[in-house]
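**Q** According to Swiss-Prot, the Mn(2+) binding site annotation covers 302, 329, 346, 445, on the basis of sequence analysis.
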């Protein structure tokens, strides 16, 4: 469902007419070699497109106008090969709506000690050209990612590739919508938020449909489509064949088919449900939700559209990478001193992209919702480094709370627990990480990912100009408290 190849990134090289045609031709040739080399590297998720060397204010303004108007353009990469006076860039940068990366590099890796002359010096001027360009970004208070180093370095390419994935997620969020079936769970605070502000800052269009519309579509699903889907279930999962289970699984298959049709029709990228508003649905969507998350849709339970949007954004960032991303909830604790752990799960809706084993379809009673016993996928989660992230609405801005965690093996069987689960150690440790999370107001609903790291989420928050706080192995609680206080002042003074 998610295709990062549909996007492209424009590579903009700055110079000026002062240098003359011969030098400008060399600038273009060297830029072309850089872009060709980058495009040959499979680390990059999308094509990088070299645009003509920019030498005047009118050329710069025109290229940004075109970038803004092109839905395929997910971001722009700028590099000043020579000195490009930054007043020429003000009009273009002032209208730019795309995520921007400032690449500070040089065509040649090393100084040619024996042959260097003033021709070489005049051609290779990014050392001061990019400083001039950096000033105008800082002066205009523009969000941007800065990557420094030679363009052939692995670390440089990794940082560019991460940012490109983030930019794709931003573009994706600006073009689809989040579908809500019903409202938020009653009386819950952290799942609420300003949907108008979300569309302004994050690009997410969030709208609600009555669950009755979905229920009518479920009733109309043909039996042959259900049987085709059951064949797929048997191939991908461990599936029971008893009559009680098959009846419940068929109902989830109907919900999945109807949901997918509805989401495609609405150009949706994510959706929410709530157990308090099920109308004529036969079951709370479980297996159906897990399957759609597996395809790439974002999801939030109990009407949590912020979690749904974040899950989708991270799924876009992690497309094609090892690991997976899921809606998650901090459910219960293991509090053995020195080995405190968090068991993450939800009633039904954990994405199988984070499974370490072949998932099992199981049918069990569910005490909430008042509907028939729902089918769901059950599995243990993957092990290794992961992130937990939550968006909360602080009244005057959104705050992204991020915690680095280590997912650990589940060493004991839990035969009576009928839900998918993952066990993790928060960094730096349970007490400090959880204290910081609670101080920051992080939600009980999160996006959990083994596919990305913290840098992706920092890039995302900075590009969208929203607040973020990171809880990791370097956490100092007193400094963290100060950061929260300073952020209150900064974001309170900041004008949009």
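Note: Cβ is positioned from N, Cα and C throughout, glycine not excepted.
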**Q** Under DSSP, is residue 302 (Mn(2+) binding site) helix, strand or coil?
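**A** Note: residue 302 (Mn(2+) binding site) is helical by DSSP.
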**Q** Hey, of the binding-site residues listed (346, 445), which one tops the CB count within 10 A?
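**A** Sorting the candidates by Cβ neighbours within 10 Å, the top entry is 445.
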**Q** Taking only same-chain residues 6+ apart in sequence, whose CB is under 8 Å from that of residue 329 (Mn(2+) binding site), what do you get?
**A** 301, 344, 345, 346, 444, 445, 446
**Q** Give the sequence-ordered list of residues that share a chain with residue 302 (Mn(2+) binding site), lie 6 or more positions from it, and have CB atoms under 8 Å from its CB.
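**A** Set apart from residue 302 (Mn(2+) binding site) by at least 6 residues yet with Cβ under 8 Å, we have 184, 185, 188, 191, 272, 274, 275, 276, 445.
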**Q** For the recorded Mn(2+) site formed by 302, 329, 346, 445, name the remaining residues of the chain with Cβ within 8 Å of the site's Cβ center, in chain order.
**A** 300, 301, 304, 307, 327, 328, 347, 349, 444
